[in-house]
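K.L.:
Before anything else, here's the structure in question.
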Amino acid sequence: MNGTWHSHWRHAFKLDPDKSIGDEALEAICMSGTDGIIVGGSSGVTYENTIDLMARIRRYEVDCALEVSTLEGAVPGFDGYFVPLVLNTERSEWIVGRQLQGLMEYGTFVPWEETAAQGYIILNGDATAAKLTGANADLTESELVAHIQLADRLLRLPAVYIEYSGTFGNMDMLRAASRHVRDAQLFYGGGIDSAEKAAQAAEFAHVIVVGNVIYTDLNAALSTVRAVKAR
Ligand code: 1GP
């Protein structure tokens with residue numbers, strides 16, 4: 001795998017700037033032993049709520065990265081930046097359009113050493129991100145493999161993200177993805193709400209990302225870190 005600022009990650013929490021989290025819960029998340037906190041969300045992300053959450057996470061030593069999905073939410077001061085490119089959509093604005101728009105406006109300010117493209121493959125059609133981007137979530141396994149080859153071999157993206165946000169994914173699909181990734185770091189996110197699911201996904205993905213359960217069952221969220229670190 002490529003040697004970048006995120007290449008040692010195995011576990012990450014994703015915090016949504018549009019959701020509220022108390023100080024105690026935030027401390028537990030940041031001190032959990034996770035490798036990184038990703039700040040990102042599919043809706044309601046603004047400069048104000050992003051910078052507010054970043055400042056609160058900054059009290060802790062944990063790596064803190066921004067998933068840049070809107071221009072409004074592009075905030076300086078993070079340790080790293082992930083820029084998603086949605087690969088399974090026909091709407092070019094989500095593949096390169098918005099990214100180009102961002103570069104036209106902020107290109108001179110981009111910290112390139114700390115910025116990584118993530119090839120997103122969204123496989124839950126009910127996810128907000130899938131609806132927003134018009135993703136074709138019903139990929140067959142061979143179509144998924146072609147998307148992996150596109151991201152990993154042809155485009156040489158540093159990271160590929162299998163996104164099932166809101167539901168636990170098909171582990172056969174994740175296994176197929178893992179078999180075909182050579183250089184990219186494989187992220188998996190979606191429906192991880194227990195140590196068991198964390199361990200299952202971590203068998204195939206380099207990095208598992210845990211989101212929603214932080215807001216519904218903090219202890220279950222924390223158990224996912226131990227499940228990955230115990231491997
Ligand atoms: C969302 O992949 C992450 O972008 C995590 O998904 O919220 O379902 O855990 P969940």
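Cβ coordinates are placed from backbone N, Cα and C, and glycine is handled just like the others.
From TrEMBL, here are the annotated features:
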type	residues	note
BINDING	K14, Y161, I162, E163, Y164, S165, G166, G191, G211, N212	sn-glycerol 1-phosphate binding site
BINDING	D16, S42	Mg(2+) binding site
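I would like each feature placed in context: is it buried or exposed, what are its neighbours, and how far apart are things?
P.N.:
Counting only residues at least six positions away in the same chain, the Cβ atoms of N124, D126, A127, T128, G190, G191, N212 sit under 8 Å from the Cβ of G166 (sn-glycerol 1-phosphate binding site).
In sequence order, V39, G40, G41, V45, G211, Y215 constitute the residues six or more apart from D16 (Mg(2+) binding site) in its chain with CB-CB distances below 8 Å. In the three-state DSSP scheme, D16 (Mg(2+) binding site) falls into the coil class.
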K.L.:
Enumerate same-chain residues with a sequence separation of six or more from S42 (Mg(2+) binding site) and a Cβ-Cβ distance below 8 A; give 'none' if the list is empty.
P.N.:
S69, A127, T128, A129, L132, S165
K.L.:
Just to verify: the residue among I162, G211 with the fewest other Cβ atoms within 10 Å, which of the binding-site residues is it?
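P.N.:
So among I162, G211, the binding-site residues given, the one with the fewest Cβ atoms within 10 Å is G211.
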K.L.:
Around ligand 1, within a Cβ distance of under 6 Å, which of the binding-site residues S42, I162, Y164 show up?
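P.N.:
Checking each Cβ against ligand 1, none of them comes under 6 Å.
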K.L.:
Using Cβ-Cβ distances, find the residues under 8 Å from K14 (sn-glycerol 1-phosphate binding site) that belong to the same chain and are at least 6 apart in sequence, listing them in sequence order.
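P.N.:
Set apart from K14 (sn-glycerol 1-phosphate binding site) by at least 6 residues yet with Cβ under 8 Å, we have I37, I38, V39, G40, E67, G189, V209, V210, G211.
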